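Undergrad: After the structure tokens below, expect a handful of questions from me.
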Amino acid sequence: TDPVSSHRLSCGSMGGTQSLALPQGKGPHQVGCTDVMVGHTQQGLFLRLFYPCLPGAGAEQPLWIPRYEYCSGLADVTQRSRRWWAPLLSITIGSCRVPVSWNGPFKPCSSGYPLIIFSHGLGACRTLYSSICSELVSWGFVVAALEHRDHSASATYFCTAEAGREEWIPYQRVPQGQKEFYFRKKQVHQRAEECVRGLRLFQDISSGKSVPNVLHQEFDLSVLKDSVDLSKVAVMGHSFGGVTAVLALVKEPSFRCAVALDAWMFPLENSLYPEVPKPVLFINTEEFQTPDSVAKMKRLSSRNSQTKIITILGSVHHSQTDFTFLTGKLIRRVFRARGTLDPYKGLDITSRAALAFLQRHLHLEEEFNRWDNLLEGIGDSVVPEAPFCRSNL
């Protein structure tokens with residue numbers, strides 16, 4: 001039977017049903033979420049917070065695409081006309097919801113939940129990794145999914161100090177005549193600094209500082225005060241967010257390790273590789289990586305025996321995003337969101353490998369080490385390192 005059929009949401013679309021069937025977390029905790037915006041300038045912070053919550057009947061579920069502006073942004077990212085595509089996306093996916101409790105009551109934890117700061121990929125936003133974030137939270141983590149303000153998000157905004165005025169930050173391509181490496185290098189440094197600011201936010205909350213949420217959610221951030229273990233913090237991300245996570249290890253000693261989903265290694269300058277002090281788990285998809293990118297990962301694994309590289313067979317770059325759970329053919333074609341591997345199985349492999357790695361490097365008491373084999377690339381649909389680096393013997 002389909003474990004998520006009760007959450008299968010049909011969003012009527014032109015030419016067939018479009019549904020987003022995001023899985024509920026398989027761990028013992030229910031998942032709540034809220035949005036947090038701190039500060040009234042671009043230098044502030046915007047994130048979606050996923051956290052273990054108390055079970056409650058009839059809890060509201062948040063929209064997956066929170067605002068129409070993100071549909072316009074996704075049209076820009078895929079280089080399609082806003083005029084046609086934004087309304088089409090809005091009709092097809094605009095009413096899809098995430099199976100978590102919006103502003104649900106936080107479940108306190110005296111020993112403290114470990115914390116993950118999550119960085120999205122190019123052209124994505126804070127909500128497009130809800131499935132992996134919810135899965136990790138269901139096993140007892142707090143996850144802060146950032147929305148970056150370096151013009152790499154499909155769209156994002158901040159609220160100025162004037163009552164309720166929003167300033168939108170559009171997605172930006174590499175300007176003509178500019179070398180992509182320099183443009184992306186500047187972005188990846190800004191992103192990694194935002195990850196560090198994300199950690200600082202939780203340090204402030206834990207020290208008892210009052211942190212006003214500009215968005216005035218019913219969720220009071222002070223409830224987190226004694227329930228997050230700041231000695232157990234990891235950074236994680238997908239694609240551009242994967243390399244952001246690696247760079248964050250260089251910038252912030254409190255990050256104990258990084259999980260990089262299909263990392264786009266291109267923007268990291270060569271001089272920084274020797275500076276990466278902590279272990280990284282690279283979980284790659286079969287079709288995205290290049291020999292050049294994998295060689296960069298191997299530079300890190302040759303320096304640190306705890307750094308691991310595995311590849312999930314039958315997966316494509318978007319298999320690690322929520323898009324892989326969209327069932328409509330039209331949208332799936334636009335985002336090339338599914339490989340030959342069942343998306344639920346792909347999520348299982350990704351989350352279990354991440355949990356085994358996090359147990360090892362955050363010194364958790366759980367039994368996630370039952371999935372340690374995955375870290376060596378042993379298991380169904382997973383191989384060590386990268387397929388095109390395997391010998392043909």
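Just so it is clear, glycine is given a Cβ too, placed from its N, Cα and C backbone atoms.
All TrEMBL annotations are machine predictions without curation.
Pasting the relevant annotations from TrEMBL:
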- S239: active site, nucleophile (ACT_SITE)
- D262: active site, charge relay system (ACT_SITE)
- H317: active site, charge relay system (ACT_SITE)
Undergrad: Rounded to the nearest Å, what's the C-alpha distance separating S239 (active site, nucleophile) and D262 (active site, charge relay system)? Just drop the number here, would you?
TA: 5
Undergrad: I'd like the Cβ neighbour count for S239 (active site, nucleophile), meaning other Cβ atoms within 10 Å of its Cβ, all protein chains included.
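TA: S239 (active site, nucleophile): 25 neighbouring Cβ atoms within 10 Å.
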Undergrad: What number of additional C-beta atoms lies within 10 angstroms of the C-beta atom of D262 (active site, charge relay system)?
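TA: Result for D262 (active site, charge relay system): 29 neighbouring Cβ atoms inside 10 Å.
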Undergrad: Does H317 (active site, charge relay system) have same-chain partners at least 6 apart in sequence with Cβ under 8 Å from its own Cβ, and which are they?
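TA: Within the chain, H317 (active site, charge relay system) has Cβ neighbours under 8 Å at S239, D262, T285, E287, F288, R336.
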